[in-house]
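Okay, so here's the structure we're looking at.
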Amino acid sequence: MADDRHGIDDIDGETLDAVAEALRTAETAVALTGAGVSTASGIPSFRGDDGIWERHDPADFHRRRLDADPAGFWADRLSLREAIYGDIDPEPNAAHEALAALEADGHLDAVLTQNIDGLHDAAGTDRVVELHGTHRRVVCDDCGHRRDAEVVFEQAAESSDLPPRCDCGGVYRPDVVLFGEPMPDVAMNEAQRLARDSDVFLAVGSSLSVQPASLLPKIAAEGDSTLVVVNYEETPRDASAAHVLRADVTQVLPAIVERL
């Protein structure tokens with residue numbers, strides 16, 4: 001797909017005004033966010049050129065691998081965590097903060113996110129539907145007990161006894177959707193309902209190429225929602241969007257907030 005990168009100065013002010021007006025008058029507005037929202041926080045994209053999956057084999061993080069070789073799965077997961085975060089401590093950027101501001105001002109009802117970084121929560125957004133889970137927790141595969149991931153990962157990194165285990169004896173795993181696993185029904189059902197009921201649907205920083213999340217803007221558009229796509233690259237949903245803003249999300253979203 002073409003990569004037509006523009007700055008905020010290349011976006012027609014009338015388009016920004018139109019998006020702001022749509023949000024101002026909407027009864028229900030929803031945002032779907034992808035990796036492009038978090039790259040400005042220093043988190044690399046998983047897909048695309050030089051993405052994480054270009055350097056790490058996704059098969060190493062498949063559900064089958066966890067079942068067959070939990071120690072190897074965890075060793076590779078520690079390596080993946082280092083590749084993603086290294087020495088950085090990611091913080092919310094202007095895009096996360098703008099979405100939180102839209103919600104606080106009553107112009108956004110929920111954020112549906114494909115990201116697992118927890119930065120929408122950190123920015124102060126109250127209603128976040130984490131479609132792929134979150135790396136900030138681990139969950140016991142047997143009893144479902146959840147713990148803070150940072151503590152467990154630090155203990156695992158300092159131990160030769162992998163995988164980390166719950167008090168019940170079950171194996172802890174990242175509280176994310178692994179390859180080979182379906183998206184949680186509760187999260188997906190809520191996301192579909194919000195998309196269907198929305199008057200405005202913002203698709204922000206997502207290639208809209210990964211199902212089933214990529215179906216959400218389609219559901220919204222079919223329900224007569226005003227679809228707005230904010231992404232550097234073309235997406236499969238551009239043709240059905242009322243507005244396509246091909247510019248930096250950390251510039252576009254604050255510019256919309258300023259107009260409200």
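Positions of Cβ are set from backbone N, Cα and C atoms, glycine also.
Source: prediction; values computed, not measured.
Database features, via Swiss-Prot:
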ACT_SITE  H132  active site, proton acceptor
BINDING   A35, T39, F46, R47, Q114, I116, D117, H132, S206, S207, N231, D248, V249  NAD(+) binding site
BINDING   F46, I116, D117  nicotinamide binding site
BINDING   C140, C143, C166, C168  Zn(2+) binding site
DOMAIN    9-260  domain 'Deacetylase sirtuin-type'
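Shown here: features listed in Swiss-Prot, placed on the structure.
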{"residue": "F46", "record": "NAD(+) binding site", "Cβ contacts under 8 Å, 6 or more apart": "A35, I52, W53"}
{"residue": "Q114", "record": "NAD(+) binding site", "Cβ contacts under 8 Å, 6 or more apart": "L32, T33, G34, A35, L131, H132, S206, V210, A213"}
{"residue": "D117", "record": "NAD(+) binding site", "Cβ contacts under 8 Å, 6 or more apart": "S38, S41, I43, P90, T134, H135, R136"}
{"residue": "C140", "record": "Zn(2+) binding site", "Cβ contacts under 8 Å, 6 or more apart": "R146, C166, C168, G170, V171, Y172, R173"}
{"residue": "C143", "record": "Zn(2+) binding site", "Cβ contacts under 8 Å, 6 or more apart": "C166, C168, G170"}
{"residue": "N231", "record": "NAD(+) binding site", "Cβ contacts under 8 Å, 6 or more apart": "G34, G36, A203, V204, G205, S206, S207, L208, R246, V249"}
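All protein chains considered, the CB of A35 (NAD(+) binding site) has 23 other CB atoms within 10 Å.
Most Cβ neighbours within 10 Å, among the binding-site residues C166, C168, V249: V249 holds that distinction in the structure as shown. Between the recorded positions I116, H132, S206, the minimum number of other C-beta atoms within 10 Å of a residue's C-beta occurs at H132. Reduced to three states, the DSSP call for C140 (Zn(2+) binding site) is strand. Within 8 Å of the centroid defined by the CB atoms of F46, I116, D117, the record's nicotinamide site, lie the Cβ atoms of A35, S38, I43, I84, Q114, N115, H132, H135, V176, excluding the listed residues themselves.
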